[in-house]
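Here's the structure, in structure tokens; my notes come after.
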Amino acid sequence: MPALSSTLSPDESPPLPAWSRATPQRGYVHAGRFLPWFAFAAAVLCAGGLFVGLAVAQTDPHQHEHYRIAFIHTPSLWLSVAIYFFTAATAGYGLFRRQRLLSMIASALAPTGALFAFLALWTGSLWGKPIWGTWWVWEARLTAELLVLFLFLGYIALQEAIDDTRRADRASGLLALVGAFGLPLLYFSVFRWSTMHGSAPQGLSAPDSPIIAAGIILMSLGLLAYATAATLARLRNVILKRERNSEWVERNFGARP
Amino acid sequence: MNWESWSQFWAMGGDGLYVWSAYLVAIVVIFTEIAVIGLTRRSILEHLGRYAKIARKERKPRIDDSRF
């Protein structure tokens, strides 16, 4: 564009849009900078949440101590769903903007999301057995959560199966987006029939037990901080692996001669 | 505080099996993830170092751009 370059000296070139400044190199530096803070917050908040939930909170008159599984079950569930939509958003935005760092963030998020989906199902099963008398029922919330887990596993499998990272990002991003639109559809269609599951955040909606609510909130924040820290740590691995041929990686991580 | 003794705490009013196995699984899974991330990082750094050494032998020295 000659008209533009003739009016601007090299020093005052127009600023690049924000998304194009988000390079993998900057992502690596910022991930490393924020990682210890999130790890620290996760340790403190989870310790507080476990103390409140397991030691301070009172015994429930109906469910006795079984309800204490909620302090790990509910935050895991919220996080798995939140991470899923965040994965789909970053993967989708990376797909249409061809923004590599966003696709890397998406692939760093997915394993942690799968972990929390697995935890939500597993702890839910351990809660369902004594209360409902069964490990599993085909019911709206449980089925939707199982789908979240399978979508995460599908996303990870697609990424691993395709060697060309750009094609892998495209295929898995598409899967994540389809899931993000399909998931609410499935949830609300199945939800219309019948449900055995208790109303969502019982601890939060019950004003008579602010201690239980505090425990669940503390654990949610703590596990959110953990998920962020784990994602940042994994993001650094993903960046190094994908950018291994770039000059800055070689300069900073190549062996000393 | 809901408990009067440690044994009461570990027993969880007889529901300990379900409650503690839920937390045990969570702890095992989370610490496994931390270990996997750390081991992956270590192996990546090892490979990067080895790769750079080979590349340096095979290639002409890079122009030092700090002089420009």
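From the backbone N, Cα and C atoms, a Cβ is placed for every residue, glycine too.
The shown structure was predicted, so the numbers you read here are calculated from the model rather than taken from an experiment.
As given in TrEMBL:
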{"type": "DOMAIN", "residues": "A:28-197", "note": "domain 'Cytochrome c assembly protein'"}
{"type": "TRANSMEM", "residues": "A:34-57", "note": "transmembrane segment"}
{"type": "TRANSMEM", "residues": "A:77-96", "note": "transmembrane segment"}
{"type": "TRANSMEM", "residues": "A:108-128", "note": "transmembrane segment"}
{"type": "TRANSMEM", "residues": "A:140-158", "note": "transmembrane segment"}
{"type": "TRANSMEM", "residues": "A:170-191", "note": "transmembrane segment"}
{"type": "TRANSMEM", "residues": "A:211-235", "note": "transmembrane segment"}
Tertiary contacts of the transmembrane segment (A:77-96), as residues 6+ beyond its ends and Cβ separation under 8 Å: 102-107, 109-110, 112-114, 116-117, 119-120, 124, 145, 148-149, 151-152, 155, 169-170, 172-174, 176-177, 179-180, 183, 220, 223-224, 227
Beyond a gap of at least 6 residues from its ends, the CB atoms lying under 8 Å from the transmembrane segment (A:211-235) belong to 27-28, 31-32, 34-35, 38-39, 41-50, 52-53, 56-58, 67, 70-72, 74-76, 78-79, 83, 104-105, 108-109, 111-113, 116, 201, 203-204
The transmembrane segment (A:108-128): which same-chain residues, six or more beyond its ends, come within Cβ distance under 8 Å? 66-67, 69-70, 72-73, 76-77, 79-80, 83-84, 86-87, 90, 134-137, 142, 145-146, 148-149, 152-153, 155-156, 159, 223, 227, 230-232, 234-235, 237-238
